[in-house]
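Enquirer: What follows is a structure written as structure tokens; I'll ask about it next.
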Amino acid sequence: CEHNTCGDMCGRCCPGYLQKKWQATTAHNSFTCEYFTEGVNCNKCVFGYYRQDGVQWNDTMPCKPSSCDPSKHTGDCEEGTGKCYCQSRFQGNNCDQCAPGYYDPPECRKSKCAVDGTLDGTCLPENGQCPCKPGFGGTFCETCEPGFTNVTTGCK
């Protein structure tokens, strides 16, 4: 027998191994995973579904739909907990806070602040204002204040 199979006809897994039974498929008789699973052994949940901790793959309906909001989440979630993965403009346990470089929750719009001229390289998440480093000015901290020169070297 090969590939960790045992038995007179090599028709079962050896102790300690688990695999769906191999079977040939044809165009008229294809095999499809069930219950929102996919993969060689149907032991992975499809996109947007997850398997809760403690649930076995051979349980009925091992994959549960995520409760992720597509306007804030990627649509995928963490295996075991179902915690949603945030889109790049969001952060927080519920993806309800703006990520650095974004402002105006709940929409979280991209900041227009000049990264080199802004404190911490980002805007204030509440209102999008750009807190400028000393010597920098302009709405987006993109210029030097009067008396300071050369934006590229830090408005000195």
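Cβ atoms here come from the backbone N, Cα and C positions, even for glycine.
Where the annotation comes from TrEMBL, it is an automatic prediction and has not been curated.
Note that the structure is a prediction, hence the values are computed from the model and not measured.
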Enquirer: If you check TrEMBL, which of C98, C108, C130 bonds to C113 via a disulphide?
Expert: C130
Enquirer: Where TrEMBL annotates a disulfide for C141, which of C132, C155 is the other cysteine?
Expert: C132
Enquirer: Under a criterion of Cβ-Cβ distance under 8 Å and sequence separation of at least 6, what residues of the same chain contact C132 (disulfide bond)?
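Expert: Correct list: G117, T118, L119, G138, C141.
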Enquirer: According to DSSP, folded down to helix, strand and coil, what is C132 (disulfide bond)?
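Expert: Its secondary structure by DSSP: strand.
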Enquirer: By DSSP, how many residues in the domain 'EGF-like' (104-142) are helix, how many strand, and how many coil?
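Expert: Helix, strand, coil within the domain 'EGF-like' (104-142): 6 helix, 6 strand, 27 coil.
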